[in-house]
(Lines of atoms letter the chains of each structure in order from A and count residues from 1; the text may use other names and numbers.)
(Lines give C-alpha, C1' and ligand atoms only; values in the text may rest on other atoms or scores of the structure.)
Protein backbone atom coordinates (compact mmCIF):
# COMPACT_ATOMS: atom_id res chain seq x y z
CA UNK A 1 0.00 0.00 0.00
CA UNK A 2 2.75 2.43 0.95
CA UNK A 3 4.66 1.76 -2.27
CA UNK A 4 1.50 2.34 -4.34
CA UNK A 5 0.90 5.69 -2.68
CA UNK A 6 4.56 6.60 -3.07
CA UNK A 7 4.35 5.85 -6.79
CA UNK A 8 1.35 8.19 -7.04
CA UNK A 9 3.34 10.90 -5.28
CA UNK A 10 6.22 10.65 -7.75
CA UNK A 11 3.80 10.71 -10.69
CA UNK A 12 2.23 13.85 -9.22
CA UNK A 13 5.72 15.31 -8.76
CA UNK A 14 6.30 14.92 -12.51
CA UNK A 15 2.99 16.70 -13.13
CA UNK A 16 4.15 19.52 -10.83
CA UNK A 17 7.47 19.79 -12.64
CA UNK A 18 5.74 19.82 -16.03
CA UNK A 19 3.38 22.51 -14.79
CA UNK A 20 6.29 24.62 -13.56
CA UNK A 21 8.31 24.27 -16.78
CA UNK A 22 5.30 25.12 -19.00
CA UNK A 23 4.53 28.13 -16.79
CA UNK A 24 8.17 29.24 -16.95
CA UNK A 25 8.34 29.10 -20.76
CA UNK A 26 5.04 30.93 -21.24
CA UNK A 27 5.89 33.31 -18.40
CA UNK A 28 9.23 34.29 -19.98
CA UNK A 29 7.46 35.00 -23.26
CA UNK A 30 4.78 37.09 -21.53
CA UNK A 31 7.31 38.92 -19.34
CA UNK A 32 9.25 40.00 -22.42
CA UNK A 33 6.03 41.27 -24.02
CA UNK A 34 5.06 43.08 -20.81
CA UNK A 35 8.50 44.71 -20.55
CA UNK A 36 8.41 45.90 -24.17
CA UNK A 37 4.82 47.16 -23.95
CA UNK A 38 5.50 49.04 -20.70
CA UNK A 39 8.20 50.98 -22.53
CA UNK A 40 5.79 51.86 -25.36
CA UNK A 41 4.46 55.41 -25.17
CA UNK A 42 1.00 54.43 -26.44
CA UNK A 43 0.16 51.42 -24.26
CA UNK A 44 2.77 51.88 -21.52
CA UNK A 45 0.43 53.27 -18.85
CA UNK A 46 -2.40 50.72 -19.27
CA UNK A 47 0.21 47.94 -19.29
CA UNK A 48 1.79 49.30 -16.11
CA UNK A 49 -1.63 49.31 -14.42
CA UNK A 50 -2.29 45.72 -15.54
CA UNK A 51 1.08 44.52 -14.23
CA UNK A 52 0.57 46.40 -10.95
CA UNK A 53 -2.83 44.73 -10.61
CA UNK A 54 -1.31 41.28 -11.08
CA UNK A 55 1.40 42.06 -8.54
CA UNK A 56 -1.11 43.48 -6.05
CA UNK A 57 -3.62 40.62 -6.06
CA UNK A 58 -3.07 37.55 -3.89
CA UNK A 59 -1.77 34.78 -6.12
CA UNK A 60 -4.57 32.39 -5.22
CA UNK A 61 -7.08 35.03 -6.40
CA UNK A 62 -5.32 35.20 -9.78
CA UNK A 63 -5.53 31.40 -10.09
CA UNK A 64 -9.24 31.36 -9.24
CA UNK A 65 -10.03 34.31 -11.52
CA UNK A 66 -8.32 32.65 -14.48
CA UNK A 67 -9.97 29.29 -13.82
CA UNK A 68 -13.53 30.51 -13.28
CA UNK A 69 -13.31 33.76 -15.23
CA UNK A 70 -11.94 32.34 -18.49
CA UNK A 71 -15.12 30.36 -19.16
CA UNK A 72 -17.36 33.33 -18.39
CA UNK A 73 -15.24 35.68 -20.50
CA UNK A 74 -15.36 33.40 -23.55
CA UNK A 75 -19.11 32.91 -23.09
CA UNK A 76 -19.58 36.68 -22.87
CA UNK A 77 -17.56 37.28 -26.06
CA UNK A 78 -18.76 34.36 -28.19
CA UNK A 79 -22.03 33.27 -26.62
CA UNK A 80 -20.70 29.72 -26.34
CA UNK A 81 -19.95 27.84 -23.14
CA UNK A 82 -16.43 26.42 -23.28
CA UNK A 83 -14.93 24.82 -20.20
CA UNK A 84 -11.16 25.06 -19.99
CA UNK A 85 -9.00 22.39 -18.39
CA UNK A 86 -7.56 22.92 -14.94
CA UNK A 87 -3.99 22.29 -16.14
CA UNK A 88 -4.17 24.92 -18.89
CA UNK A 89 -5.74 27.47 -16.56
CA UNK A 90 -3.11 26.71 -13.95
CA UNK A 91 -0.31 27.26 -16.47
CA UNK A 92 -1.85 30.55 -17.63
CA UNK A 93 -2.39 31.84 -14.09
CA UNK A 94 1.13 30.95 -12.93
CA UNK A 95 2.58 32.41 -16.13
CA UNK A 96 0.80 35.71 -15.56
CA UNK A 97 2.01 35.83 -11.95
CA UNK A 98 5.57 35.00 -13.02
CA UNK A 99 5.48 37.54 -15.87
CA UNK A 100 4.22 40.33 -13.62
CA UNK A 101 7.42 40.12 -11.56
CA UNK A 102 9.87 38.91 -14.21
CA UNK A 103 8.90 41.74 -16.57
CA UNK A 104 10.31 44.23 -14.08
CA UNK A 105 13.55 42.25 -13.94
CA UNK A 106 13.78 42.18 -17.74
CA UNK A 107 12.88 45.85 -17.99
CA UNK A 108 15.71 46.77 -15.62
CA UNK A 109 18.11 44.51 -17.51
CA UNK A 110 17.16 46.12 -20.83
CA UNK A 111 17.70 49.58 -19.37
CA UNK A 112 21.12 48.46 -18.09
CA UNK A 113 22.34 47.85 -21.65
CA UNK A 114 24.38 50.89 -22.82
CA UNK A 115 22.70 52.96 -25.54
CA UNK A 116 25.90 52.59 -27.51
CA UNK A 117 24.82 49.01 -28.31
CA UNK A 118 21.79 50.34 -30.17
CA UNK A 119 23.84 53.04 -31.86
CA UNK A 120 26.44 50.51 -32.99
CA UNK A 121 23.72 48.37 -34.51
CA UNK A 122 22.26 51.36 -36.34
CA UNK A 123 25.72 52.36 -37.59
CA UNK A 124 26.15 48.88 -39.07
CA UNK A 125 22.83 49.21 -40.87
CA UNK A 126 21.03 46.70 -38.65
CA UNK A 127 17.32 47.06 -37.99
CA UNK A 128 16.11 47.79 -34.46
CA UNK A 129 14.45 44.38 -34.22
CA UNK A 130 17.63 42.57 -35.32
CA UNK A 131 19.73 44.62 -32.89
CA UNK A 132 17.28 43.87 -30.07
CA UNK A 133 17.13 40.11 -30.69
CA UNK A 134 20.74 39.37 -31.61
CA UNK A 135 22.76 42.01 -29.74
CA UNK A 136 20.73 43.35 -26.82
CA UNK A 137 18.79 40.28 -25.64
CA UNK A 138 21.81 37.97 -25.12
CA UNK A 139 23.19 40.59 -22.72
CA UNK A 140 19.78 41.10 -21.12
CA UNK A 141 19.51 37.42 -20.14
CA UNK A 142 22.88 37.62 -18.41
CA UNK A 143 21.85 40.69 -16.40
CA UNK A 144 18.40 39.28 -15.62
CA UNK A 145 19.47 35.76 -14.63
CA UNK A 146 19.76 36.35 -10.84
CA UNK A 147 16.28 37.88 -10.67
CA UNK A 148 14.72 35.30 -12.98
CA UNK A 149 16.30 32.48 -10.97
CA UNK A 150 14.61 33.74 -7.82
CA UNK A 151 11.29 33.95 -9.65
CA UNK A 152 11.71 30.37 -10.88
CA UNK A 153 12.17 29.13 -7.31
CA UNK A 154 9.06 31.05 -6.26
CA UNK A 155 7.17 29.60 -9.23
CA UNK A 156 8.09 26.06 -8.19
CA UNK A 157 6.44 26.59 -4.81
CA UNK A 158 3.47 28.48 -6.28
CA UNK A 159 2.49 25.37 -8.24
CA UNK A 160 0.92 24.14 -5.01
CA UNK A 161 -1.83 26.74 -5.51
CA UNK A 162 -3.30 24.96 -8.53
CA UNK A 163 -4.30 21.99 -6.38
CA UNK A 164 -7.31 24.12 -5.41
CA UNK A 165 -8.65 24.02 -8.98
CA UNK A 166 -8.24 20.27 -9.36
CA UNK A 167 -4.85 19.84 -11.02
CA UNK A 168 -3.44 16.48 -9.93
CA UNK A 169 -0.17 17.97 -8.73
CA UNK A 170 1.96 17.02 -5.75
CA UNK A 171 -0.11 18.84 -3.14
CA UNK A 172 -3.40 17.57 -4.54
CA UNK A 173 -2.13 13.99 -4.45
CA UNK A 174 -0.83 14.47 -0.90
CA UNK A 175 -4.31 15.71 0.12
CA UNK A 176 -6.01 12.68 -1.45
CA UNK A 177 -3.62 10.18 0.12
CA UNK A 178 -3.92 11.87 3.51
CA UNK A 179 -7.71 11.58 3.25
CA UNK A 180 -7.36 7.83 2.78
CA UNK A 181 -4.58 7.13 5.28
CA UNK A 182 -5.03 9.89 7.89
CA UNK A 183 -1.25 10.29 8.02
CA UNK A 184 -0.76 14.00 7.28
CA UNK A 185 2.76 14.25 8.67
CA UNK A 186 4.02 11.37 6.50
CA UNK A 187 2.59 12.45 3.17
CA UNK A 188 2.94 16.21 3.53
CA UNK A 189 6.47 15.51 4.75
CA UNK A 190 7.21 13.48 1.61
CA UNK A 191 5.74 16.28 -0.52
CA UNK A 192 7.96 18.78 1.30
CA UNK A 193 11.05 16.64 0.66
CA UNK A 194 10.22 16.39 -3.05
CA UNK A 195 9.75 20.17 -3.30
CA UNK A 196 13.03 20.66 -1.45
CA UNK A 197 14.88 18.23 -3.75
CA UNK A 198 13.61 19.97 -6.90
CA UNK A 199 14.53 23.37 -5.43
CA UNK A 200 18.06 22.26 -4.53
CA UNK A 201 18.62 20.72 -7.97
CA UNK A 202 17.34 23.96 -9.53
CA UNK A 203 19.78 26.00 -7.44
CA UNK A 204 22.69 23.85 -8.65
CA UNK A 205 21.55 24.28 -12.25
CA UNK A 206 21.15 28.03 -11.80
CA UNK A 207 24.63 28.29 -10.33
CA UNK A 208 26.08 26.51 -13.35
CA UNK A 209 24.19 28.83 -15.69
CA UNK A 210 25.51 31.89 -13.84
CA UNK A 211 29.08 30.58 -14.12
CA UNK A 212 28.59 29.93 -17.82
CA UNK A 213 27.08 33.36 -18.52
CA UNK A 214 29.83 35.20 -16.62
CA UNK A 215 32.81 33.16 -17.80
CA UNK A 216 34.06 35.95 -20.07
CA UNK A 217 33.82 38.56 -17.31
CA UNK A 218 35.74 36.30 -14.94
CA UNK A 219 38.29 35.63 -17.68
CA UNK A 220 38.96 39.35 -18.10
CA UNK A 221 39.46 39.78 -14.36
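In case you wondered, yes, glycine gets a Cβ from its N, Cα and C as well.
The transmembrane segment annotation in Swiss-Prot falls on one of the ranges 49-69, 154-174, namely 49-69.
Same-chain residues lying 6 or more positions outside the transmembrane segment (17-37) and placing a CB less than 8 Å from one of its CB atoms are 43-44, 47, 51, 87, 90-92, 94-100, 102-107, 110, 148, 152, 155-156, 159, 162, 167, 169, 198.
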